[in-house]
Each structure stands twice: as structure tokens, then as C-alpha cells.
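J.: Please read through the structure below; I'll follow up with questions.
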Amino acid sequence: MGKKWVYLFREGDATMRDLLGGKGAGVAEMTRTGVPVPPGFTITTEACNTYYEIGGKFPEGLWEQALEALKDIEAQTGKKFGDPANPLLVAVRSGAKFSMPGMMDTVLNLGLNASTREGLAQLTANPRFAADAYRRFIQLFGKIVLGVEGERFEHVLDEAKGHGQRQDTDLSAEELLQIAETFKQIIKSEAGVDFPEDPQEQLREAIAAVFRSWNGRRARDYRRINKISDSLGTGVNVQAMVFGNMGDDSATGVAFTRNPATGSSEIFGEYLVNAQGEDVVAGVRTPQPISRLEATMPEVYKQFHDIAKQLESHYQDVQDVEFTIERGRLWMLQTRAGKRTAAAAVKIAVDLVSEGVIDKATAVQRVDPHALDQLLHPMIDPEARKDAQALTTGLPASPGAASGKAVFDPDEAEQLAATGEQVILVRVETAPEDFHGMVAAQAILTARGGMTSHAAVVARGMGKPCVAGAGDLRINYAEQLVVVNGTTIRKGDWVTLDGSTGEVFAGQMATVQPELSTDFNELMSWSDEFRTMGVRANADVPHDAEMARSFGAEGIGLCRTEHMFFEGNRIDAVREMIIADTPEERRAALAKIEPLQQGDFEGLFRVMHGLPVTIRTLDPPLHEFLPHDDHEIELLAKKLDADFKKVKSKIDSMHESNPMLGFRGCRLGIIYPEITEMQARAIFKAAVKVKQEGIDVQPEVMIPLVGHVTELKPQEEIVRQVAKEVFAEAGVEVPYMLGTMIELPRAALTADEIAEVAEFFSFGTNDLTQTALGLSRDDSGRFLPLYVERKIMADDPFQTLDQRGVGQLVRIGTERGRNTRANLKVGICGEHGGDPASVIFCHEVGLNYVSCSPFRVPIARLAAAQAALGDSKRDK
Ligand code: PEP
Ligand code: MG
């Protein structure tokens, strides 16, 4: 027998997601555990990949296996594919390993043609239902399989309904048949082929269409944004149809076993009576809350409730399920781990531990560190909200608040966002083809659709605020405006959304950060139990240090002292120091700066209260501090009581073609040792003072941009000499460390020599990436996004560490450094210190700590815990 491309549902299980896709593995597992699932089979993801490899053809044996499996469905349902007397109809659904909601294609009611439609009408004694199913099938088949513009069909339907005068359900069987005929003509003229009457041909073409949808634009966009590999392929699920549109005892819906927005423990979902498959997700009508089902069909509800709970405990996680009720009989169509907001993820993980369902380690691994960003998202400032009157309130579909300019078209949203504008995408409802506009927007507002509509699900996944189903919106695409209860908002007008309450405001509003929940703190404390790597913050001023500590930072990994130079009017003294011609003049200017710097450091030491504080000596090119336009130069000359021409020519003489590779880093302190002297003195005097106040201090002095140990050595001598003097003078000793940034390839490669002098290393992976890749931090914006889009690089290397390249330098630097000094403390303070994948890498290399911006400290704590838990998994 050749390769097995097709699996009956009962042949698969939950572990087979790679091969069967998420949907296929889910229905297989449900079938296996006795949940009522309409019978069917799954064509493997391997078949999809092979289809592409051999140039868009079915792999050998696939079709025969599919026909064989179809017989099994026929046997189980007692119906026959293509038989007018008792026709079997099937759904053909996509389903990749990772859920890609609405990004790929699905065809329903397949198997209908003129004669099976007739048979269905007789069998159900419901000609209207059969005509409607027929109309829907031709429409979907035309659009999805034959590529006819969906609008062409919508237009005909809209016309038949008198442009909103009547509903779908008002159309008679005769009218629907008429529409179906018109649809066939449209297919003929648009696609140049006849609508295929042969059910087998329909099936063949639909399977191929699902394969093709794996490489459709929206699927590719979605994978790029969500970092899903293009090589996974999609499964194709062929399943007996069940109908939610057979009358008022039929319905279709989607539900979560817990609230996916808040995490609260209640079944949460929506359904539509007398509706088919995708109507709920598409947001065509605004659905009913699931609680109503309990009132109207109590027995079915109870069965549904029990199955939902059974699935949740079977998977030990929240499930997102789809179901259909056909004439009072419940069928489950899908189950998968429910996508949730970060707040819900944290609450659910903590709740499942207290319910005894999972352990702490599992809980820590359940929350995506990236998602924590959402919890730290802004809310509307309560002050700004006080007097503000919402224009309207829609559904709170995805939390967080955002302001932006209203835009009604996804392409335009993308274009405006690319120019740096903040936009809010306003749509009647969103469809998968709007995805690129949603990515570009700050937030999304829709007039129609529920909490599980496309807009809601997609926005929640991206962590973007969304208000959905705001029924008061009267959107006019032609005029590019929306009227909301008498207020007109035109394209470009500011609006503010609160995705947590569903409120919509006119104008731009201030936002603030939210308080973190006790569940969040609980999860963080569990993370701390598991992680072995330290987490510090990059903070330059006491306020940021306080923030960092409140997020759990265990020290400061980088204080960029130059950021203090712009405070108040001290920039004048800094400029005086830079313009100075002689060491004496320079010392005089530095003497003015010293007490101010000392004050800064005292503030940091007090806040950090005994935790290590790494202070870096001056790093940036000096002309960054100087004015460049004549007027400002003149003001400076006046202040310095100097000649304008002299000051200007001095400034001009400092121009550099390549400042990032120029006179910066330790080069400054080598040429102007008095700068390092001043900074060292400020650090040690501050340390002595704070220690005398009874507060422990742990200074770590760090020298930047060292490439040769011979650069570090003279800086070390200055720092140690100053320390000795300050301590002798005060009669107080403060233990301190002296170390260096490793941010040049040569430093990493000669780390054994550098560690002779340095007591600690901190990888400056911003510069290390810049220098290792020959990629300017400042000038790569023009092509780097395109590189990522075209997959020339998997990620932006300034966001996520290039592990293959720069990562090797980190590994080599760490190993060689520790060969010389076994107890060498090694950390990272580049932007990568807050990126989960990079944090995991740092753990694997054996770094002592990562340091990142204060708001990313929780992300790093969680990622570090997951890295440590990953170790124990690997050991097993
Ligand atoms: C670095 O280069 O990674 C670093 C932390 O220093 P800066 O970003 O200040 O150059
Ligand atoms: Mg640097």
C-alpha cells in the first residue's frame, strides 16, 4: 500500500496535530471520546505539502483514499454522495496545525446539484431549505473554488432582498432557485466554466481549493505576523453536513468553556437560531448569548454544557467549540484551545491550579510572555474619562484603549500607518481580507458582529483594542464617514476606543497604565520559583528604577549616564565641557556636572536599596549633545562668553561620517580621561553617601565599546584610583565591581583577555548586532522590514537576537570569558533582554541575568521561567 494520505476521524487523536491539523486532531479526539461529531475524514498536511511539491497535483493515491473514506461516511450516515433519493452532503474545511481563524477556505453543502437538491427538498419536506442550501453552495463554490468576486453574488442577493427591506429568511424557495440560476450564469460568465453538477468533481475541486488557500494572501500575511512556518501545510476535513438552518429547533453557535476576555469561569458564547455554519463567525446577524439557549432548549443546553466541561477537563484547558443543533439534536463540529486575552490567560492558569486541574509549572508554561504586553496596555485616563460622554457603546471585544484617526478602508489604514499616523479602522464588519488594515490600525471598530466575530477574534489575538457590534454606527463608505447618534465622524477625525468597556468616544484622549491583578502577581511569583536566571532593568533615573522594582527587577543592568545630561540646565555645562580646548577648561566644566551626577546616582542607589546597579560611563558621540543650527550656536556662544565663529568651527570640526563607529564609547574616556574620572568620582561619592545613610549599595562600573583589553586597562586604572581616593577621604569602603560591555565582535572573540581585567560582562547586543551584521541601527529601517517580509531574515535582528550569528558571539564571549575567570558574571542589556525567544537563548547559554526596559521585566521573568522548565523537560 502507498502512503496514507487520508484518516477517518476515528483513526486519529489529539496527538496528531502535525499531520491532521488542529481541527482534524480535535474532531478525531472528540470522536474517540464519544462526543457526537458528524462522521468524516481528514486529508493530511503532508498531502497539502506534496500537492505543492509536485506542481499543484493530487499526490498519488490521495483521491482513491478519499473516495474510500467517503464510503465510510455513507455507511455511517446511511446516505449516499450524489444520490438524489438520499443525498449525502459534506463540508470541506481547512485546518492547519495552528489555528488561523478565517484565513483559509471552507465550502459547505457540497454534493448538491439540480437532482440532489430536489431529493433533499423531498426528504426534508422543506423545499425552501433545500433551495437555500443550494443557493449557498453555488455562491461559496463560485467564490472559493472558482475565484469569482464575492461581491457579484452579494449584489444579486441584496437586490432580491430589496436592499435591506427583507431578511435572508424572507426569501421563498422559488426566489432562491431563481437566485441560484443567476449565480450559475455569473459563474459561467466570470469564471468561464459551467458550475460542476458532478459531486465528485465538486469534491475534487474543493479539496484543491483548500490546498490553494494555504498560500492565499491573507493566510500568508497571518503566518508572517504570527510567526507560523509556511512549510506546515493545511489539513482538509471532509465531514457530513449537519444543518443549523432547518427551522426554529435548529441553531449554530460558538462558545468558550470560560470567558475568553476576562477568564471568568462561565460558559461563554453565542448562537443563531435557524442559521448555517459560518453565519456566527461572519457576524452577518448579531447573535444571541448562549444563556438564552438554556432558556429555550434546556435539554440540549444541558448536554452541550456537559460536553463543554468534559472537553475542558479532558484537555485540561479552556476550549473554543463550534456546534450545530439540527432539529433538536446536538453535534459538535470543532474543539480547540481557546484564544484568550492576556488577562484571561493569567486568570485561567491561576484558577486551573487552584481547581487542581494543572500544576504551577504547567500554569507558568500556559501564558505566552509576549501576551503580557497586553496587561501593561494603556487604559483611558480616569481624569480624561470623567467628563467624557461616549458616543455609543458596542461590545467590549478586545481590551485596552487607543486613539487614532478614523479610516474606513483597510488599504488606506495600511498606507497612513506606514507614514506614522495612528489610525482606527472603522468597518461595518471585518472579513479576513481586511487583515492587513487591522494589523496597521491601533484599534478596530465595527458596527456589526458579536464577541466571536472575525473582528473580535482577530483583534484579541493581536492584543489590539476592539469594539465590535456597535449598532448605532451608520457607516457610509462612499462618503467616508460615520454618523453616531447625531455626531458625524469623517475620515481623519480622531476617535478613541475602550475595548474593555465597548465605549466609543470622539476625539483623542489621554491613556494610563492599568494596575496589575493579584493573579498576575501570583503567576509572576511562581515564575520566580522556577527561573534560575536573574532579571534586571535598564533604567537611567530614579522614577524608572521605581517602576522597574515594582515589576520585579532584581537590579539595574544598565544606567545610560548620558540620558541625565539633558536634565534641567546641566546641558550647558556638558556643552562647555565638549567645546573646551584644554584639559583644565574641561575639568572646570566637569566640576559643574559632578555634583548633579552624584545626586542622580544617590537617587538610583536609594531606590534600588542594596540591589546591584550597573552604571555605564559616557558612551555616545559627543556632537549628539551639541546644537547644530546657527541660532542655537549663537545662544551657546553667548552663554559661554565665546566667539560665535570659534564655537561653530569647533562644532563643525567634530562632524563624523560614521558616528556609530567613531569617537564614542571608551574612546571618549581614553582621550579625555577626566570624563571617566568625574563619573567615577560621582559614582563612588554617591555610594559612600548612601551607605552612610544605612542603605546597602552595590555599584558596578561598566566601560562601553571595548574591543581590546588594552582599552579597558587604562579605564580600569582610573576607576580604581578614584575609588581608592574617595574611600580614603570618606573613611568608608564600598565593595564594587568593574566590568565591560561586550558589544564588538572583537571583544567577544578576545573575551579571555578582556576577562583578565573585567569582573563582569554585559552583552550590548544592540551594538553587537550592528557590528556583527554590518547593519546600521539607524539606517536599516528602509530595507529591514522588507527583508523580514521576504523572509531573507526570519526576524528583525534588532528585536529578536540573531542566534545563528550574533548568538555565537554571545556564546563564545561567555565561554572564553569564563575560561579566564570562572565566576565571571555575565548579563545582557541590549533590547533583546526583553524578547522572550532571546531570553530563552540567554538562559541556554548560561547568562546570569537579562536586563530590559521596566515594562518588559514581567515578560522576561516569565520567559526565563519557561526556559528553566524547558530544561527539566529536556532532561526527562
Ligand atoms: C547595546 O549596544 O546593546 C547597548 C545596550 O548600548 P546602547 O544601546 O546604549 O548602545
Ligand atoms: Mg551599545
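Just so it is clear, glycine is given a Cβ too, placed from its N, Cα and C backbone atoms.
Where the annotation comes from TrEMBL, it is an automatic prediction and has not been curated.
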J.: With Arg560, Arg616, Gly764, Thr765, Asn766, Asp767 listed by TrEMBL as binding substrate, identify the candidate in Glu576, Glu632, Glu634, Glu743 belonging to that site.
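T.: Candidate listed by TrEMBL for the same site: Glu743.
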J.: Please report the Cα separation of Cys829 (active site, proton donor) and Gly764 (substrate binding site) in Å, rounded to an integer.
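T.: Here the two Cα atoms are 6 Å apart.
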J.: Counting Cβ pairs under 8 Å that are 6 or more apart in sequence, does the total for the domain 'PEP-utilising enzyme mobile' (421-502) and the domain 'Pyruvate phosphate dikinase AMP/ATP-binding' (57-291) reach three or more?
T.: yes
J.: Compute the centroid of the Cβ atoms of Arg560, Arg616, Glu743, Gly764, Thr765, Asn766, Asp767, then list the same-chain residues not in that set whose Cβ lies within 8 Å of it, in sequence order, for the substrate site.
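T.: Other same-chain residues near the substrate site: Leu558, Asp619, Pro704, Leu705, Met741, Ser762, Phe763, Leu768, Cys829, Gly830.
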J.: Other than its own, how many Cβ atoms are within 10 Å of the Cβ belonging to Asp767 (substrate binding site)?
T.: 23
J.: Checking the recorded positions His454, Arg616, Asp767: which ones have Cβ within under 6 Å of ligand 1?
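T.: Among His454, Arg616, Asp767, near ligand 1: Asp767.
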J.: Would you mind sorting out which binding-site residues among Arg560, Glu743, Gly764, Asn766 put a C-beta under 6 angstroms from ligand 2?
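T.: From Arg560, Glu743, Gly764, Asn766, counting a Cβ under 6 Å from ligand 2 as near, the near ones are Glu743, Gly764, Asn766.
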J.: Check the DSSP secondary structure of His454 (active site, tele-phosphohistidine intermediate), expressed as helix, strand or coil.
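T.: DSSP assigns His454 (active site, tele-phosphohistidine intermediate) to helix.
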J.: I need the least crowded one of these recorded positions (His454, Arg560, Arg616), counting other C-beta atoms within 10 angstroms of each C-beta.
T.: Arg560
J.: For His454 (active site, tele-phosphohistidine intermediate) and Thr765 (substrate binding site), determine the Cα separation and express it in whole Å.
T.: 39
